[in-house]
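Student: Quick one: structure below, then a few questions.
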């Protein structure tokens, strides 16, 4: 621990920005009226205020496009996803909040005076008051009456049903439970993690946002830790605790479910598309809390934990619910806050790998949780939490939303969102995810994993260091947010990564190898399985790089596959890949050309290619980069080809997803056993689902809703054609290229 | 001008004020400010002690000193008496665009015995309404285009002749009534190449007849509201139409803009009061064949006329409903703990259809303003204040409703009780007659305040809308907030005054009035900034489900939103009427469409 030094080199985070307006005396200034109550310094516990020692430097000074909401117009006009400012990123610095917890009493911390900053327009009320407000709301009452009429039942019975739904769903936030969590989580987090780092400036921005308008927190989702950690963080900084949309599965856990409920979780059923009453009650519940400014509403755009550490494509349901009060002008504005939570080592990493390989996820249960406590003795490194710039929904929507539909129907009537609203919601969802991705912190280990996976089965340690350092430079050029541990030289940093991830890889005789225990003994099948397990776990870390690399890499692949220098051809192939991988990686809808240009720009920036009006060709030294980039995505290109081949040859006439996954898994498994492919990642159910979804999108597979879920029909010819394009046997034809 | 007027006045006296003189005087113009609101002798000033004072004897507030008003100005706007802007003292005649009129037309006018003027002051006086930018131009600049000539018809026949002459010579006519427009309706289109004739209706100001059996009166359209009420009162009648501008605005103007009066709950809006309209158009005269309360003869042609804003012709004579002057009037006021409760109460009153002649709900900012403006009110409120505090009212949140009851005494008292009973249910507390009366008195002087503000770098304006009940609160909050934000974004250095009141109640909604003003020191182009903010506020209103206008009209100021407001087809319908009635665009003020 460094000696106590002056804690901050920057001005202390104190008054809200507003207060810093030039003041020239006189009343009626901007400041006094609004800020008097609001202007208080962001605070954490007392240790921080005393200026206890902080770790010795190594602040990350590279940078973030704070991505102030670029006002968007229509997609065809200037899209709201503007290309990131790739050259001059400025990101905030991190502070470790555990440091303080290690220094002072957890009990005192848990019992501290908690008077959170709240929304200025808040009319305080208890959780139960919200429930009854929801039940009595015009919205819910309308649906109750409608259902009563349609089903010929008495409204009272349906009202009762609604009440039950509310009771199942509703949170019951209580300070006692919050304090309990504050205490236990302090203990647990200190056990599990070395550091929990957060950008304090982000917290400060959040503090202002919470006071000004209703706030929606949109964290990335990699682990169950996510929402616990976020609430813990807000408690630490004395901000209003969020209410969190959690899956109903948690209620299966005795005691814990109830505890979570008291800590502010509310529970939603996994699917309730058809249930109008449930939908009405749920939507109104969320909106009521948002409108009243009762608490920040938190949910995961990705819908579920990403098992691959790659950002999942967004779900739109909850997002459109929280946007509606603004569309209907029941609130002046709503802030959407993207939050990136990055784990140096993911708690659930091996569980995820099993799940991806088809070993079902254990049901959430309290006994399971207790069994999992052995992980407490393990080390999970550092967590980085980056609170992004709050994005004003009003700014995003300006000029995009036709107001008419909302003015001509009473606002309490359920209304299907118009097409342009749906499109807007989708754009916002993608924008938020891209903002999350932008501020995800990448650890050295992520780079190591990416290098290692290209050099299996074993790699010379020195070479690994060299390549990792090289990749670090490249990643930074591409705008990746690398947090290199305090002043550590490359070797030490990589060693410490290896130590932390000793379950994945280890050093043997100066070579790094994957730690696929038990491969030696056992049958062929078992060997393949174990090996797949190791690779998928390792890939989880490489995957964290992919969304940063995807645009230049797809350009690189397109260059290699088309063997042409003509920009138009390369773009066509790029665009094809982008469509095929549209569920695999996060692309802002409808801006293929911009993505292509960004990819080219980044490749030019690292001297990998040169371009002119019509042509695009690799430089002499660019070959290394181009082949590295394309190799990084080879598992996806090959994996998709395998899956498509399965669909074109093996799949039955009509099948369900439940039939598809084991089918394709067996198909790939056999190929692996025979040694006909090395693409272990094709075993990942995540990739399999994404590939299927891509074919649906491309029109090669028809998806139909049946009574028992969806069934799929393959159009063999179309799939074959796509396969041919993939192999570059036939050129990709696209009329869009005209604008190049 | 003054000399000329005196000469003419002498002439008038000499000639014995005969009724068919063809030299008529724009006497009224002499009484009114040339570069601000209202009468010359009535205005707010800061006296030598630095206290605000209202001059003149026309209003009850006249001569009264407002000791705390300065403090309000300073507190609200950050304005200071040390920072003063001064308007040009008189019109600079040389700046006025020259009058270009063909001699043949003048000859025809003289032959028709219609008085006219090409005097610069006369023309500039009729080149504008009372939008902020118009007043600002008067104080500091000059209009790019003003009427070339002003004509004063004295009767319907004169108007017919003028319109005929305009068609013959292909001129542009812009009808002018009281000149109180706040929609840029009177501004001359810059690109208009033809001679612009300002047709001033002020000399057509007679009541032609009163029909006591049917309670109607036929009135020439140029009569000013106050004169109409005064003259009717001589026979014991009134129209009950009292817009805030009634001292200056004219009957014809009301018809042309679809005006609304304060007491519409009893007497109705202009469309409810009008029985018959005579309008002169380039196509001829349009009118109905009888004076009946209602008829089913296709779409009501009155509705092409009302709100046509001078684009189709000149309204010359109007038959309007009259009522006996009410026996008894009683003011009242209620204090509510907050604006939400106040609106809920008004909604309930509207639901029970027991709204008094007028009911208005002002928000806290306007309540505060009233406190500072009115000395008496301050005393009475401070007396009442203890009571309010005792009842848990927060003086920084509470809001006030002012009431006006009219009718026969017994019914008024009954009615009053009913309304107060409802108010009580919503936490309202009766706050006395005086406060109510002063509230209404303020309405008339509030317009004078802008001129004072202009002297101290404060610019402002009011605008209105109508909105369904369920959106009133959201709309008020969002529009006020939008104004504050826009000001901040546009670099306004002090938080603006952004306040509203609910001024009319209907079965299905309410009329909401916004006042908005800010200190523009440090801003190089205040009018442009102002207009951007006003436009943003209107966008906000529309996004919140409010209308483009409740009664101010569209003019040229709000034209851009017409299509959105009434759909493409709707706009086409209006256009086709215009095309038929006025194919050569004689009435070329370019309003509305």
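The backbone N, Cα and C atoms fix where each Cβ goes, and this holds for glycine too.
Grabbed the feature section from TrEMBL, which reads as follows:
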type	residues	note
DOMAIN	B:143-325	domain 'FAD-binding PCMH-type'
BINDING	B:175-181, B:257-260, B:309-315	FAD binding site
SITE	B:360	site 'Important for enzyme activity'
BINDING	B:450	substrate binding site
ACT_SITE	B:513	active site, proton donor/acceptor
Student: Among all chains shown, work out which of the recorded positions B:175, B:259, B:313, B:360, B:450 has the most CB atoms within 10 A of its CB.
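Tutor: Of the recorded positions B:175, B:259, B:313, B:360, B:450, the most buried by Cβ count within 10 Å is B:175.
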Student: In the structure shown, with every protein chain counted, which of the recorded positions B:178, B:181, B:513 has the densest set of Cβ atoms within 10 angstroms of its Cβ?
Tutor: B:181
Student: Going by DSSP, is residue B:313 (FAD binding site) sitting in a helix, a strand, or coil?
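Tutor: The three-state answer is coil.
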Student: Please report the distance from the Cα of residue B:360 (site 'Important for enzyme activity') to the Cα of residue B:450 (substrate binding site), rounded to the nearest angstrom.
Tutor: 21
Student: If H, G and I count as helix, E and B as strand, and all else as coil, what does DSSP give for residue B:259 (FAD binding site)?
Tutor: coil
Student: With every protein chain in view, what's the tally of Cβ atoms within 10 Å of the Cβ of residue B:310 (FAD binding site), excluding that atom itself?
Tutor: 27
Student: Average the pLDDT scores across the domain 'FAD-binding PCMH-type' (B:143-325) and report the rounded value.
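Tutor: Averaged over the domain 'FAD-binding PCMH-type' (B:143-325), per-residue pLDDT gives 96.
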Student: Please report the Cα separation of residue B:310 (FAD binding site) and the residue listed as 'active site, proton donor/acceptor' in Å, rounded to an integer.
Tutor: 24
Student: Write down the Cα-Cα distance for residue B:450 (substrate binding site) and residue B:181 (FAD binding site), rounded and given in Å.
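Tutor: Taking the Cα atoms only, residue B:181 (FAD binding site) lies 15 Å from residue B:450 (substrate binding site).
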